[in-house]
(Lines of atoms letter the chains of each structure in order from A; the text may use other names.)
(Lines give C-alpha, C1' and ligand atoms only; values in the text may rest on other atoms or scores of the structure.)
Protein backbone atom coordinates (compact mmCIF):
# COMPACT_ATOMS: atom_id res chain seq x y z
CA UNK A 1 0.00 0.00 0.00
CA UNK A 2 1.52 3.32 -1.10
CA UNK A 3 2.55 6.15 1.21
CA UNK A 4 3.44 9.79 0.58
CA UNK A 5 6.57 11.32 2.06
CA UNK A 6 6.58 15.09 2.64
CA UNK A 7 9.51 17.23 3.77
CA UNK A 8 8.34 20.56 5.13
CA UNK A 9 9.87 23.97 5.34
CA UNK A 10 9.98 25.49 1.87
CA UNK A 11 7.77 28.14 0.27
CA UNK A 12 5.93 27.50 -3.01
CA UNK A 13 5.99 29.33 -6.33
CA UNK A 14 4.55 28.58 -9.77
CA UNK A 15 1.33 27.41 -11.41
CA UNK A 16 -1.02 24.49 -10.76
CA UNK A 17 -3.66 23.52 -13.36
CA UNK A 18 -7.00 22.64 -11.77
CA UNK A 19 -8.84 19.60 -13.11
CA UNK A 20 -12.50 19.20 -13.96
CA UNK A 21 -14.78 18.60 -10.99
CA UNK A 22 -15.00 15.03 -9.80
CA UNK A 23 -18.42 15.57 -8.23
CA UNK A 24 -19.75 17.18 -11.41
CA UNK A 25 -18.37 14.45 -13.66
CA UNK A 26 -19.83 11.69 -11.48
CA UNK A 27 -23.31 13.22 -11.97
CA UNK A 28 -22.82 13.99 -15.66
CA UNK A 29 -21.76 10.47 -16.60
CA UNK A 30 -25.06 8.76 -15.60
CA UNK A 31 -26.90 11.30 -17.76
CA UNK A 32 -25.85 9.18 -20.74
CA UNK A 33 -28.45 6.64 -19.55
CA UNK A 34 -31.17 9.19 -20.35
CA UNK A 35 -30.49 9.19 -24.10
CA UNK A 36 -29.73 6.86 -26.98
CA UNK A 37 -27.51 9.50 -28.58
CA UNK A 38 -23.82 10.12 -27.75
CA UNK A 39 -22.75 12.25 -24.78
CA UNK A 40 -19.14 13.47 -24.72
CA UNK A 41 -17.53 15.06 -21.66
CA UNK A 42 -14.35 17.11 -21.96
CA UNK A 43 -12.10 18.32 -19.10
CA UNK A 44 -12.85 15.09 -17.23
CA UNK A 45 -10.65 14.39 -14.19
CA UNK A 46 -8.47 11.26 -14.23
CA UNK A 47 -9.47 9.61 -10.97
CA UNK A 48 -10.29 6.18 -9.60
CA UNK A 49 -13.89 7.24 -8.88
CA UNK A 50 -14.32 8.14 -12.57
CA UNK A 51 -13.00 4.70 -13.52
CA UNK A 52 -15.46 3.12 -11.09
CA UNK A 53 -18.38 5.02 -12.65
CA UNK A 54 -17.11 3.95 -16.08
CA UNK A 55 -17.19 0.30 -14.97
CA UNK A 56 -20.70 0.74 -13.58
CA UNK A 57 -22.08 2.32 -16.75
CA UNK A 58 -20.44 -0.35 -18.90
CA UNK A 59 -22.03 -3.04 -16.73
CA UNK A 60 -25.40 -1.44 -17.47
CA UNK A 61 -24.79 -1.60 -21.22
CA UNK A 62 -23.35 1.83 -21.95
CA UNK A 63 -20.33 2.30 -24.18
CA UNK A 64 -17.70 4.48 -22.48
CA UNK A 65 -14.44 5.31 -24.25
CA UNK A 66 -11.63 7.22 -22.56
CA UNK A 67 -9.74 9.54 -24.94
CA UNK A 68 -6.83 12.00 -24.66
CA UNK A 69 -5.35 10.26 -21.62
CA UNK A 70 -8.70 10.22 -19.86
CA UNK A 71 -9.54 13.91 -20.24
CA UNK A 72 -12.35 13.13 -22.73
CA UNK A 73 -15.11 10.59 -22.10
CA UNK A 74 -17.15 9.52 -25.13
CA UNK A 75 -20.33 7.72 -24.04
CA UNK A 76 -23.40 6.25 -25.69
CA UNK A 77 -26.25 4.09 -24.47
CA UNK A 78 -28.47 2.82 -27.27
CA UNK A 79 -30.74 -0.19 -27.39
CA UNK A 80 -31.61 -2.48 -24.50
CA UNK A 81 -29.75 -1.92 -21.24
CA UNK A 82 -29.27 -3.78 -17.98
CA UNK A 83 -31.12 -2.16 -15.07
CA UNK A 84 -29.35 -3.92 -12.19
CA UNK A 85 -26.40 -2.07 -10.63
CA UNK A 86 -24.42 -4.78 -8.88
CA UNK A 87 -23.02 -4.56 -5.36
CA UNK A 88 -19.46 -5.45 -6.42
CA UNK A 89 -19.18 -2.14 -8.28
CA UNK A 90 -21.60 0.08 -6.37
CA UNK A 91 -19.97 -0.68 -3.00
CA UNK A 92 -16.80 1.12 -4.09
CA UNK A 93 -18.36 4.57 -4.36
CA UNK A 94 -21.35 6.41 -2.97
CA UNK A 95 -22.00 8.35 -6.19
CA UNK A 96 -23.04 5.05 -7.79
CA UNK A 97 -26.54 5.80 -6.49
CA UNK A 98 -26.83 8.45 -9.22
CA UNK A 99 -27.79 5.77 -11.76
CA UNK A 100 -31.07 5.13 -9.90
CA UNK A 101 -33.00 8.13 -11.22
CA UNK A 102 -31.82 7.80 -14.86
CA UNK A 103 -32.50 4.03 -14.99
CA UNK A 104 -35.96 4.48 -13.51
CA UNK A 105 -36.75 7.32 -15.92
CA UNK A 106 -35.53 5.45 -19.00
CA UNK A 107 -36.72 1.91 -18.35
CA UNK A 108 -39.41 2.31 -15.70
CA UNK A 109 -37.61 -0.01 -13.28
CA UNK A 110 -34.22 -0.43 -11.63
CA UNK A 111 -32.32 -2.49 -9.07
CA UNK A 112 -29.47 -0.60 -7.43
CA UNK A 113 -27.31 -1.86 -4.58
CA UNK A 114 -26.85 0.43 -1.61
CA UNK A 115 -23.60 2.36 -2.16
CA UNK A 116 -20.19 2.72 -0.49
CA UNK A 117 -17.56 5.49 -0.55
CA UNK A 118 -15.88 7.37 2.31
CA UNK A 119 -17.09 6.37 5.76
CA UNK A 120 -18.41 9.81 6.70
CA UNK A 121 -21.65 9.74 8.64
CA UNK A 122 -24.88 8.01 7.76
CA UNK A 123 -25.67 9.82 4.47
CA UNK A 124 -28.96 7.92 4.02
CA UNK A 125 -30.70 7.26 0.69
CA UNK A 126 -34.13 8.12 2.11
CA UNK A 127 -34.26 11.59 0.58
CA UNK A 128 -33.60 10.07 -2.88
CA UNK A 129 -36.19 7.32 -2.56
CA UNK A 130 -38.83 9.57 -0.96
CA UNK A 131 -38.56 11.97 -3.89
CA UNK A 132 -38.83 9.21 -6.47
CA UNK A 133 -41.78 7.71 -4.58
CA UNK A 134 -43.61 11.03 -4.86
CA UNK A 135 -43.06 10.75 -8.62
CA UNK A 136 -44.91 7.42 -8.67
CA UNK A 137 -42.12 4.94 -8.00
CA UNK A 138 -42.70 1.90 -5.81
CA UNK A 139 -39.45 1.21 -3.96
CA UNK A 140 -38.47 -1.51 -1.52
CA UNK A 141 -35.19 -2.61 0.03
CA UNK A 142 -34.46 -6.30 -0.47
CA UNK A 143 -31.18 -8.15 0.08
CA UNK A 144 -29.20 -4.90 0.08
CA UNK A 145 -30.74 -3.66 -3.17
CA UNK A 146 -33.21 -0.87 -3.83
CA UNK A 147 -35.90 -2.34 -6.09
CA UNK A 148 -37.72 0.48 -7.88
CA UNK A 149 -40.61 0.39 -10.34
CA UNK A 150 -42.56 3.27 -11.87
CA UNK A 151 -46.33 2.84 -11.75
CA UNK A 152 -47.59 2.61 -15.30
CA UNK A 153 -44.03 2.36 -16.58
CA UNK A 154 -43.24 6.09 -16.43
CA UNK A 155 -42.51 8.53 -13.63
CA UNK A 156 -44.87 11.46 -13.15
CA UNK A 157 -44.14 15.05 -12.19
CA UNK A 158 -44.58 16.06 -8.56
CA UNK A 159 -43.87 18.84 -6.08
CA UNK A 160 -41.04 17.60 -3.86
CA UNK A 161 -39.97 19.35 -0.64
CA UNK A 162 -36.54 18.20 0.48
CA UNK A 163 -35.98 18.19 4.28
CA UNK A 164 -32.45 19.46 3.58
CA UNK A 165 -30.55 20.55 0.49
CA UNK A 166 -29.06 17.25 -0.66
CA UNK A 167 -26.74 17.48 -3.67
CA UNK A 168 -27.07 13.84 -4.69
CA UNK A 169 -30.84 13.76 -4.30
CA UNK A 170 -31.20 16.98 -6.30
CA UNK A 171 -29.13 15.43 -9.11
CA UNK A 172 -31.04 12.14 -9.03
CA UNK A 173 -34.46 13.82 -9.10
CA UNK A 174 -33.51 16.36 -11.79
CA UNK A 175 -32.33 13.55 -14.08
CA UNK A 176 -35.38 11.41 -13.36
CA UNK A 177 -37.75 14.35 -13.88
CA UNK A 178 -36.21 15.15 -17.27
CA UNK A 179 -38.05 12.18 -18.81
CA UNK A 180 -41.07 12.13 -16.46
CA UNK A 181 -44.60 12.98 -17.56
CA UNK A 182 -45.50 16.50 -16.45
CA UNK A 183 -43.73 19.07 -14.30
CA UNK A 184 -41.58 18.38 -11.25
CA UNK A 185 -40.77 21.15 -8.77
CA UNK A 186 -37.97 20.61 -6.25
CA UNK A 187 -38.12 22.89 -3.22
CA UNK A 188 -35.04 23.28 -1.00
CA UNK A 189 -32.89 22.06 -3.90
CA UNK A 190 -29.12 22.14 -3.55
CA UNK A 191 -27.46 25.10 -5.29
CA UNK A 192 -23.93 23.81 -5.90
CA UNK A 193 -22.04 24.69 -9.12
CA UNK A 194 -21.94 20.97 -9.93
CA UNK A 195 -25.75 20.96 -10.13
CA UNK A 196 -25.71 24.02 -12.38
CA UNK A 197 -23.20 22.17 -14.56
CA UNK A 198 -25.44 19.09 -14.75
CA UNK A 199 -28.48 21.17 -15.68
CA UNK A 200 -26.56 23.00 -18.41
CA UNK A 201 -25.60 19.63 -19.90
CA UNK A 202 -29.15 18.25 -19.65
CA UNK A 203 -30.53 21.41 -21.23
CA UNK A 204 -28.11 21.00 -24.14
CA UNK A 205 -29.52 17.46 -24.49
CA UNK A 206 -33.04 18.90 -24.77
CA UNK A 207 -34.26 18.94 -21.16
CA UNK A 208 -36.55 21.76 -20.04
CA UNK A 209 -35.22 22.91 -16.66
CA UNK A 210 -35.34 26.25 -14.85
CA UNK A 211 -34.02 27.55 -11.54
CA UNK A 212 -30.63 25.85 -11.27
CA UNK A 213 -28.42 27.65 -8.78
CA UNK A 214 -31.49 28.59 -6.70
CA UNK A 215 -33.37 26.63 -4.04
CA UNK A 216 -36.30 25.92 -6.39
CA UNK A 217 -35.78 23.92 -9.58
CA UNK A 218 -38.58 23.25 -12.07
CA UNK A 219 -38.36 20.44 -14.63
CA UNK A 220 -40.84 19.96 -17.47
CA UNK A 221 -40.48 16.36 -18.60
CA UNK A 222 -39.90 15.56 -22.27
CA UNK A 223 -40.33 12.33 -24.25
CA UNK A 224 -36.70 11.98 -25.27
CA UNK A 225 -33.29 13.56 -24.87
CA UNK A 226 -30.53 13.90 -27.45
CA UNK A 227 -26.76 14.01 -27.22
CA UNK A 228 -24.23 16.80 -26.70
CA UNK A 229 -20.61 17.65 -25.94
CA UNK A 230 -20.09 19.29 -22.56
CA UNK A 231 -17.06 20.67 -20.69
CA UNK A 232 -16.91 19.66 -17.01
CA UNK A 233 -16.77 22.64 -14.63
CA UNK A 234 -13.58 23.37 -12.64
CA UNK A 235 -13.17 21.30 -9.45
CA UNK A 236 -13.69 23.86 -6.69
CA UNK A 237 -12.54 21.43 -3.99
CA UNK A 238 -9.24 20.72 -5.73
CA UNK A 239 -8.99 24.48 -6.30
CA UNK A 240 -9.49 25.26 -2.61
CA UNK A 241 -7.08 22.53 -1.56
CA UNK A 242 -4.24 23.89 -3.68
CA UNK A 243 -5.06 27.46 -2.65
CA UNK A 244 -4.24 26.38 0.89
CA UNK A 245 -0.77 25.12 -0.06
CA UNK A 246 0.87 28.58 -0.40
CA UNK A 247 -1.32 29.82 2.46
CA UNK A 248 0.27 27.20 4.73
CA UNK A 249 3.82 27.26 3.35
CA UNK A 250 4.20 30.83 2.17
CA UNK A 251 4.96 31.90 -1.38
CA UNK A 252 2.72 32.61 -4.37
CA UNK A 253 0.91 30.14 -6.61
CA UNK A 254 -1.44 30.69 -9.56
CA UNK A 255 -4.32 28.21 -9.85
CA UNK A 256 -5.17 27.87 -13.54
CA UNK A 257 -8.91 27.70 -14.22
CA UNK A 258 -9.91 28.96 -10.76
CA UNK A 259 -12.69 31.50 -10.15
CA UNK A 260 -13.62 33.27 -6.92
CA UNK A 261 -17.36 32.75 -7.50
CA UNK A 262 -16.83 28.99 -7.12
CA UNK A 263 -15.52 29.51 -3.57
CA UNK A 264 -16.61 32.95 -2.36
CA UNK A 265 -17.19 31.96 1.29
CA UNK A 266 -13.88 30.08 1.40
CA UNK A 267 -12.02 33.03 -0.14
CA UNK A 268 -13.55 35.32 2.50
CA UNK A 269 -12.11 33.11 5.26
CA UNK A 270 -8.68 33.08 3.61
CA UNK A 271 -8.77 36.87 3.45
CA UNK A 272 -9.72 37.06 7.14
CA UNK A 273 -6.81 34.74 7.95
CA UNK A 274 -4.33 36.99 6.15
CA UNK A 275 -4.05 35.27 2.78
CA UNK A 276 -4.25 37.33 -0.42
CA UNK A 277 -6.43 35.98 -3.26
CA UNK A 278 -6.62 37.85 -6.57
CA UNK A 279 -8.17 36.97 -9.92
CA UNK A 280 -5.80 36.72 -12.89
CA UNK A 281 -6.40 36.34 -16.61
CA UNK A 282 -6.02 32.57 -16.32
CA UNK A 283 -7.31 31.84 -12.82
CA UNK A 284 -6.52 32.83 -9.24
CA UNK A 285 -3.29 33.93 -7.56
CA UNK A 286 -2.82 33.05 -3.89
CA UNK A 287 -0.04 34.60 -1.82
CA UNK A 288 1.04 34.69 1.78
CA UNK A 289 3.74 37.13 2.83
CA UNK A 290 5.87 36.54 5.91
CA UNK A 291 3.07 37.57 8.25
CA UNK A 292 1.30 35.22 10.62
CA UNK A 293 -1.93 33.43 9.80
CA UNK A 294 -4.79 34.77 11.93
CA UNK A 295 -7.30 32.51 13.65
CA UNK A 296 -10.78 32.41 12.09
CA UNK A 297 -14.00 30.60 12.91
CA UNK A 298 -15.50 28.34 10.24
CA UNK A 299 -18.96 26.79 9.91
CA UNK A 300 -19.59 24.36 7.06
CA UNK A 301 -22.78 24.98 5.11
CA UNK A 302 -24.37 24.04 1.80
CA UNK A 303 -23.31 26.15 -1.17
CA UNK A 304 -22.78 29.11 -1.25
CA UNK A 305 -21.45 28.63 2.29
CA UNK A 306 -18.10 27.17 3.37
CA UNK A 307 -17.73 23.67 1.82
CA UNK A 308 -17.56 20.67 4.12
CA UNK A 309 -15.06 19.17 1.66
CA UNK A 310 -12.54 21.90 2.58
CA UNK A 311 -12.97 21.71 6.35
CA UNK A 312 -10.11 19.27 6.94
CA UNK A 313 -7.71 21.25 4.77
CA UNK A 314 -8.69 24.52 6.48
CA UNK A 315 -8.01 22.92 9.85
CA UNK A 316 -4.46 22.16 8.69
CA UNK A 317 -3.95 25.88 8.01
CA UNK A 318 -5.42 26.95 11.36
CA UNK A 319 -3.16 24.61 13.34
CA UNK A 320 -0.41 27.26 13.19
CA UNK A 321 -2.62 30.38 13.25
CA UNK A 322 -2.23 33.04 15.94
CA UNK A 323 -5.11 32.55 18.36
CA UNK A 324 -7.95 30.07 18.71
CA UNK A 325 -10.22 28.95 15.87
CA UNK A 326 -13.53 27.12 16.14
CA UNK A 327 -14.70 24.86 13.31
CA UNK A 328 -18.31 23.70 13.26
CA UNK A 329 -19.21 20.79 10.97
CA UNK A 330 -22.90 21.10 10.08
CA UNK A 331 -23.10 18.84 6.99
CA UNK A 332 -21.76 15.43 8.08
CA UNK A 333 -21.26 13.85 11.46
CA UNK A 334 -17.99 12.05 12.25
CA UNK A 335 -15.94 14.31 9.98
CA UNK A 336 -13.08 15.21 12.29
CA UNK A 337 -11.21 11.92 11.88
CA UNK A 338 -8.15 13.85 10.69
CA UNK A 339 -7.87 15.71 14.03
CA UNK A 340 -6.09 12.90 15.96
CA UNK A 341 -3.55 12.63 13.14
CA UNK A 342 -2.88 16.38 13.20
CA UNK A 343 -2.47 16.11 16.98
CA UNK A 344 0.28 13.54 16.33
CA UNK A 345 2.08 16.33 14.45
CA UNK A 346 1.83 18.66 17.44
CA UNK A 347 -1.48 20.40 16.79
CA UNK A 348 -3.61 21.54 19.75
CA UNK A 349 -7.15 20.40 18.86
CA UNK A 350 -10.15 19.48 21.00
CA UNK A 351 -13.20 17.87 19.40
CA UNK A 352 -16.63 17.85 21.01
CA UNK A 353 -19.35 16.44 18.79
CA UNK A 354 -19.61 18.58 15.68
CA UNK A 355 -17.22 21.27 16.92
CA UNK A 356 -13.43 21.38 16.87
CA UNK A 357 -11.44 24.01 18.78
CA UNK A 358 -7.97 24.65 17.34
CA UNK A 359 -5.38 26.57 19.35
CA UNK A 360 -2.57 27.67 17.09
CA UNK A 361 0.95 26.41 17.79
CA UNK A 362 4.23 27.86 16.53
CA UNK A 363 5.00 24.95 14.25
CA UNK A 364 3.92 21.40 13.46
CA UNK A 365 6.44 18.58 13.51
CA UNK A 366 6.68 15.77 10.98
CA UNK A 367 5.32 12.39 12.06
CA UNK A 368 3.95 9.14 10.62
CA UNK A 369 0.20 9.65 10.13
CA UNK A 370 -2.66 7.71 8.56
CA UNK A 371 -5.26 8.99 6.11
CA UNK A 372 -8.81 8.11 7.12
CA UNK A 373 -10.71 9.47 4.12
CA UNK A 374 -10.24 11.47 0.93
CA UNK A 375 -10.14 15.02 2.31
CA UNK A 376 -8.32 14.01 5.48
CA UNK A 377 -5.53 12.51 3.41
CA UNK A 378 -4.79 15.75 1.59
CA UNK A 379 -5.07 17.80 4.80
CA UNK A 380 -2.23 15.73 6.26
CA UNK A 381 -0.12 16.38 3.17
CA UNK A 382 -0.76 20.12 3.51
CA UNK A 383 0.18 19.98 7.19
CA UNK A 384 3.35 18.10 6.28
CA UNK A 385 4.37 20.81 3.82
CA UNK A 386 4.67 23.31 6.67
CA UNK A 387 5.90 20.91 9.37
CA UNK A 388 9.44 20.67 10.63
CA UNK A 389 11.02 17.47 9.38
CA UNK A 390 9.47 14.58 7.50
CA UNK A 391 5.84 13.45 7.44
CA UNK A 392 4.82 10.04 6.14
CA UNK A 393 1.15 9.71 5.17
CA UNK A 394 -0.06 6.12 4.83
CA UNK A 395 -3.28 4.74 3.26
CA UNK A 396 -3.11 7.33 0.48
CA UNK A 397 -5.31 5.24 -1.82
CA UNK A 398 -8.03 7.63 -0.66
CA UNK A 399 -6.23 10.39 -2.57
CA UNK A 400 -6.64 8.64 -5.91
CA UNK A 401 -10.41 8.98 -5.59
CA UNK A 402 -10.32 12.78 -5.65
CA UNK A 403 -6.98 14.24 -6.70
CA UNK A 404 -5.16 13.59 -9.96
CA UNK A 405 -1.34 13.79 -9.93
CA UNK A 406 -1.15 15.43 -6.48
CA UNK A 407 2.56 14.69 -6.12
CA UNK A 408 3.33 16.02 -9.61
CA UNK A 409 1.31 19.20 -9.11
CA UNK A 410 2.83 20.06 -5.72
CA UNK A 411 6.35 19.16 -6.84
CA UNK A 412 6.00 21.54 -9.78
CA UNK A 413 5.65 24.50 -7.39
CA UNK A 414 8.55 23.52 -5.18
CA UNK A 415 7.15 21.07 -2.63
CA UNK A 416 9.40 18.25 -1.46
CA UNK A 417 7.00 15.35 -1.85
CA UNK A 418 7.20 11.83 -3.23
CA UNK A 419 5.02 8.74 -3.42
CA UNK A 420 6.59 5.50 -2.31
CA UNK A 421 5.34 1.97 -2.92
CA UNK A 422 5.35 -0.40 0.03
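From the backbone N, Cα and C atoms, a Cβ is placed for every residue, glycine too.
What Swiss-Prot records for 118 is active site, proton donor.
Residue 22 (phosphoenolpyruvate binding site) counts 27 other C-beta atoms within 10 Å of its own C-beta, drawing on all protein chains shown. If you look up Swiss-Prot, you'll see 22, 23 marked as phosphoenolpyruvate binding site, on the strength of sequence analysis.
Annotation note: residue 331 (UDP-N-acetyl-alpha-D-glucosamine binding site) sits in a coil segment as assigned by DSSP. Contacts of residue 331 (UDP-N-acetyl-alpha-D-glucosamine binding site) defined by a Cβ separation under 8 A and a same-chain sequence distance of 6+ are given as 300, 301, 302, 308, in order along the sequence. Annotation source Swiss-Prot lists UDP-N-acetyl-alpha-D-glucosamine binding site at 94, 309, 331.
Residues or ranges marked as 2-(S-cysteinyl)pyruvic acid O-phosphothioketal by Swiss-Prot: 118.
Residues 94, 309, 331 are listed as the UDP-N-acetyl-alpha-D-glucosamine binders, and the farthest two of them sit 16 Å apart at their Cα atoms. Of all the binding-site residues listed here (23, 94, 309), the one with the fewest other CB atoms within 10 A of its own CB is 94.
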